[in-house]
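Peer 1: Before I ask anything, let me first share the structure, which is written out below as structure tokens.
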Amino acid sequence: MHKILIRNNYKPLVGKIKINGSKNAVLPIMAASLLSSSPVILHNVPDLIDVHLMSKLLESLGAEVNFMHNKNYKANHTLKIDCSNINNHVMPYKTASKLRTSFLILGPMLSRFGKARTAFPGGCNIGKRPVDMHIKALEEMGAKIEIDGYNIIATVKGKLQGKEITFEKISVGATENVIMAATFAEGVTTINNAATEPEVLDLIDFLKKMGADIEIDNTKVVITGVEALNGCVHKIIPDRIEAGTYALAAIITGGKLELEGINLSDIRCITNELETIGAMVELYDGGIVISRKNGSIKSANVATDPYPNFPSDMQPQLMSAMCIADGISVIEENIFENRFTHADELRKLGANISIEKSKATISGIKSLSGANLYATDLRSTAALVLASLVAGGETIINNSHHLWRGYEAMHEKLNSCGADISISS
């Protein structure tokens, strides 16, 4: 069981942090590589547990995957994927069940090979993540989908058929799955109420480089099926959630961090909210410098919603900041039903948090105290790390392996800016 030990040395974090490629962009793009009969090369790939799990899934299907580390520093790695010799359509349960985005392999496998078998997707334990929208849309396109225990078996006779699909609510995963499924479908597929997150747009950009015919107009995506896709070279967009997490580290500790390698337009939905709680954000080409204005952190009322609104993946980290803010803050979680598991652990540090259904009310206090904590998922672990930076004494975070699913070398990056964090197994 991995543990993180954080000692509060009462130092504001000061320095520069390089932002990695986006976890939420690279995983669907890796799945989309199944659509190409020639190699793809991905740059700016983060070295994460989930990336290696997806690599194992692709290899289990017959792909050749080569992860090339950048030896100079922990960022900008390269991934080469060759799916020209796919010889299997069954994903191993042990691997697929650990990874939520394993379900995204269904669309490209159905589209190119007409069959796929996978397990119900795993990942973080943050409530229901229904795959019903994925299944319904694929069935509308002509797929036959059977559920056998924990397994999902999908087949199609001939080609998938282009259809007009309207999602009842915006879903990033369902949008991505249908886009990939539609690339080889017969005719035109139109998705209404599609997700338009930067990560979805990065997937579309990747597919178009390979030869896909995709047009997007606001929340409407139109895909005209093609006969084949070719490999390409693509650079993964920066991780806006990683950037937002480190931005909050600067605010919480009263420090000043330069975050290098950011798409400014992508992170605006985060920095706009941070400015309301007292952040000073200086923009430059490809990065930001973030610090806290004079005084305490301000309270806020925040709701998570699909892009371009405040992302659910930043909600736990923001809650950590609200624990030491002036006044009372309210956070409403509108994406996932069980994404307040970190609240119990923050209370162990002394935080004053009450939960009622999808709303958390946080009454800010002057200081937190170290404790023995247990992480439950990726973003909650990041939230506990942030809170522990300013908790008096020492804090131990158990089950910290979740962190490496979405953050490469977080402890090293924070330590380089003045934190005192160590890792043990």
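Glycine is no exception: its Cβ is also placed from the backbone N, Cα and C atoms.
Keep in mind that what you see is a predicted model, and the values were worked out from it rather than measured.
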Peer 1: Select one of D82, D132, D313, D344: the residue that Swiss-Prot places in the UDP-N-acetyl-alpha-D-glucosamine site alongside R100, I335.
Peer 2: D313
Peer 1: Around D313 (UDP-N-acetyl-alpha-D-glucosamine binding site), which residues of its chain at least 6 apart sit with Cβ under 8 Å of its Cβ?
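Peer 2: Within the chain, D313 (UDP-N-acetyl-alpha-D-glucosamine binding site) has Cβ neighbours under 8 Å at N24, I241, R379.
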Peer 1: State the Cα to Cα distance, in Å, between K23 (phosphoenolpyruvate binding site) and R100 (UDP-N-acetyl-alpha-D-glucosamine binding site), rounded to an integer.
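Peer 2: On Cα coordinates alone, these residues lie 12 Å apart.
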Peer 1: Restricting to the record's UDP-N-acetyl-alpha-D-glucosamine-binding residues (R100, D313, I335), give me the longest CA-CA distance in Å as a whole number.
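Peer 2: Max span of the UDP-N-acetyl-alpha-D-glucosamine binding residues, Cα based, is 15 Å.
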Peer 1: With Cβ-Cβ distance below 8 Å and at least 6 positions apart along the chain, what are the contacts of I335 (UDP-N-acetyl-alpha-D-glucosamine binding site)? List them in sequence order.
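Peer 2: Sequence-distant Cβ neighbours: T304, D305, P306, S312.
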Peer 1: Around the C-beta of K23 (phosphoenolpyruvate binding site), how many further C-beta atoms are within 10 angstroms, looking at every protein chain?
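Peer 2: I get 25 for this one.
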